[in-house]
Each structure stands twice: as C-alpha cells, then as structure tokens.
C-alpha cells in the first residue's frame, strides 16, 4: 500500500514538473527570442534556431528530472536517451537532414532573414524565418512558402539582396529609318535626370545588335538593390515617353507573303 501511495505521489509530482517545465520552456523561449532580437551583435536569422535549442534543452532536462524521480540513474537516462536518439535518427533521417541543413545555413549564412532569394527550382521570395527544421519565405505575390531546410541547402540560391547594388539592362528597339544618335542622346538625358541611377558604375547607352527590322539600343545602369524595381519600372515608362515625344515610333515588322 505504501508503494502504491509513493508511486501515485511520484506520478502526481511528475505531472506537475512536466507541466511546469513545458510552461517554463515556452516562457524562456519567448524571452530568449525577444532578448536576441534587441541585441545588435546577433543576426535575426539565428533567433528561431537558438530559441528552439533553449526550449528543448529545458524540456529534455525536465524529462530527465521526471525519470530520476522513478529511480533511474543519470547514466542510465543518458544511455536510454542515446539509444532512443539512435532509433529515432534511423527512423527520421529526413528530419535529421533538415536539422543538419539548418545548422549549415546558420553557420555559413548563404541567406539571412529579410533577403530576397530565388531557388533553382523556381521559388522566389523574401526569407522570413530559418528554423531548426523549416525555412519560411514570403513570395512576391504575398503568399507564404514553407520548405524543408534540406531543400534550401541542396539548391542553387540566387541572392538578390546580398550585394548593395544591382544592374539593370533595358533593350530598346528603333527602326532603321530613325536617327540613332538622337535616340541615344534622348535616352541619355532620361538617364541623367533619374536620381535613382548610380553615377558609379557609370551608365551606358550603346547600340548592341541589329535585328531584321530594328536596331537594338541597350541601356545599362546600376541602382541600389532596394530601389531596383522602382527604377526598372520607372525607366521603361520614362524612356518610352521621351522617345515618343522626340518623334520615334516602334519598328513595324513587315512579312511578305509569296504567291
């Protein structure tokens, strides 16, 4: 009867310890995340992973404490956890790959939170979070994309935000009857008047190709990465407006049909 009573007491205390440990781990995890975010020396990319490590460290300690109440020695608990970890590892190889990929992403930093990236598989968006298992992105259309860390790590990544400047190339077609020098000078004036275009590297406006019905003038300019799309969309409109005002028309393709 005494053994049953002791067992029931241990079970009751263990339940209390479990609830308290899980609650404490969540509170500390939230506090840890907030503390790291306000630290100027820690990249926000590592916040989810470090927070998860803090939470699960407390939860593992809680489980070990509960098992110790039932008479299991620490060495036995560690051996048990090791055996369980091996069994779980064999059963969840894909999950372990995601954890390993998350650690590599954390150490090598090919991407960070807030950066715009594109994967070889075609996904494109802004990284919002790199967790212990998953990476979350906000795509350009506003939808949320979640993918395993191993997919990100094993993919070719194009990072649009890592470099401070980006290049823009805009081809313009004019007919062979048009005044090429006037067209180039008109475009140069547009380029000079745009405050978003960087002076260094210097802008280039050059003839780069001859098509069957048109001459190709290429406008090559550089901008701040954060202003890339504002400049690109604005230039298309400004160049067409300026060329139209100067009397230029789009080249007309004429196809001859033999009878």
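Placement of Cβ uses the backbone N, Cα and C atoms for every residue, glycine included.
What TrEMBL records for this protein:
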type	residues	note
TRANSMEM	7-25	transmembrane segment
TRANSMEM	45-68	transmembrane segment
DOMAIN	60-93	domain 'Mechanosensitive ion channel transmembrane helices 2/3'
TRANSMEM	80-108	transmembrane segment
DOMAIN	95-162	domain 'Mechanosensitive ion channel MscS'
DOMAIN	169-248	domain 'Mechanosensitive ion channel MscS C-terminal'
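With DSSP states grouped into helix (H, G, I), strand (E, B) and coil, the domain 'Mechanosensitive ion channel MscS C-terminal' (169-248) comes out at 35 helix, 24 strand, 21 coil. Secondary structure of the domain 'Mechanosensitive ion channel MscS' (95-162), assigned with DSSP and counted as helix (H, G, I), strand (E, B) and coil, comes to 19 helix, 25 strand, 24 coil.
The average per-residue pLDDT of the prediction over the domain 'Mechanosensitive ion channel MscS' (95-162) is 87, rounded to a whole number.
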